[in-house]
Ligand SMILES: CC(=O)N[C@H]1[C@@H](OP(=O)(O)O)O[C@H](CO)[C@@H](O)[C@@H]1O
Ligand SMILES: [Mg+2]
């Protein structure tokens with residue numbers, strides 16, 4: 001076939017370095033940008049085939065999110081704006097790792113296995129982040145799409161959630177909004193204005209919300225290195241503000257990550273102590289707000305919060321015991337949280353690192369809509385229904401979105417008349433620490449129970465259990481990262497002795513799971 005000849009010709013311009021093997025990680029391929037040109041071309045091919053299979057537009061986002069500037073990566077977006085389905089991750093890995101001369105065979109295998117009708121049209125939306133490597137890598141994706149005769153639309157510089165939104169809008173014939181960057185801003189900013197129109201906010205999303213919300217923007221990408229000593233991941237893991245930013249005591253701040261799908265809030269108090277309000281605190285604020293509104297509206301809808309093992313124990317305890325909200329724990333990676341959240345009428349999901357959103361079932365949206373339009377209900381129920389309707393509109397349900405999450409949090413704080421300090425005191429985080437350990441092959445660690453227990457290597461879980469016993473209110477677990485070549489260690493305890501526990505568990509990993517380099521050193 002003509003298109004296959006084109007592939008052979010074009011793929012030679014995007015050759016695979018011999019011997020390089022990459023795995024589809026927590027959210028796509030991610031590594032040093034120099035190793036990714038062939039991956040991008042091949043993901044262009046795969047997205048085109050996926051588009052033919054689903055008879056819908058597929059998204060390809062070129063970004064390495066919170067990773068260092070020199071890395072890059074790719075995320076695939078399925079028709080409703082969700083992450084690509086897991087069976088296709090396997091196809092992605094096969095295609096990514098096929099030797100140059102076997103590429104056509106690997107592609108034909110996928111086409112055959114998925115019974116793809118190659119005469120079907122294909123459409124692919126492409127976006128990229130601000131990394132210097134992103135321009136040429138997104139061109140490689142576009143080359144892959146055109147090699148198979150697919151149509152593409154290049155959105156250029158967008159956030160990951162914006163690309164998810166575009167794909168969803170396109171495939172729902174505009175029901176979710178208009179598939180343009182302007183349409184995105186208009187939708188979410190208008191929703192914010194509606195949601196907060198009855199509260200006085202002294203407190204803009206850039207040009208769209210000049211009057212409604214005053215924002216001072218730092219690290220806008222015009223200078224400096226992306227994510228370097230700043231960004232949501234830095235603030236969360238280091239438990240400190242971004243370097244070089246002047247923060248006045250009590251001032252409400254938030255940080256996004258490199259592709260703006262994560263957000264964390266923070267402030268420093270008058271003593272200079274740093275306070276972090278992470279994904280768990282956001283899930284708590286949002287679920288409390290929604291539960292109250294559902295009660296006021298008299299709507300019997302099932303609400304749940306979905307977390308991962310990284311959720312602070314205090315947040316889970318507060319949600320289950322004080323708020324009486326159902327909490328579910330899944331493996332790390334938003335694709336896992338997203339799927340569990342879909343099982344509920346209202347599913348609030350957040351990773352502790354600030355990646356999350358809220359999903360409303362179709363039935364829940366309809367009930368809220370009906371109530372908001374019902375002329376026979378009392379004022380309290382009506383008001384709650386209207387607030388719920390406007391809340392739905394401010395949320396990007398396709399994926400966690402730092403911009404939309406920020407608008408939601410700002411609206412809730414304004415409506416409740418709450419300061420960041422008051423929000424912070426809803427519950428107190430257990431002191432906690434996250435560390436990384438380098439090992440020869442992180443795949444030696446296999447986990448179970450939503451990654452909370454290690455099954456291999458032998459003796460590791462036992463060692464962790466024995467260490468945890470020495471501390472009060474303690475919990476620790478280890479898992480191989482899906483985005484970096486490291487093993488992650490998490491520990492929490494009733495005091496900052498969580499640092500010592502995290503260090504001891506790191507040593508156990510180093511000794512039992514083939515640590516490389518120097519032994520992990522204590523933190524203090
Ligand atoms: C502890 C942690 O924050 N892990 C992050 C990180 O995954 P790892 O598999 O842990 O490297 O990146 C993922 C993609 O952004 C994100 O979903 C996840 O929560
Ligand atoms: Mg990100």
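In case you wondered, yes, glycine gets a Cβ from its N, Cα and C as well.
Predicted, not measured: the structure shown is a model, and the values here were computed from it.
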Practice task
According to TrEMBL, 257, 259, 261 bind Mg(2+); identify which of 51, 65, 119, 404 is listed for that same site.
Solution key: 65
Handout entry: Cβ contacts of residue 488 (substrate binding site) (under 8 Å, same chain, 6 or more positions away)
Key = 434, 435, 436, 478, 479, 480, 481
Fill in the blank from the handout: Cβ proximity for residue 261 (Mg(2+) binding site), under 8 A, sequence spacing 6+, ordered by residue number, returns 65, 159, 160, 161, 355, 399, 400, 401, 402
Completion exercise
Of the binding-site residues listed (259, 351), the greatest number of other CB atoms within 10 A surrounds the CB of 259
Fill in the blank from the handout: By a three-class reduction of DSSP, residue 65 (active site, phosphoserine intermediate) is assigned coil
Fill in the blank from the handout: With neighbours defined as other CB atoms within 10 A, the best-packed of the binding-site residues 480, 482 is 480
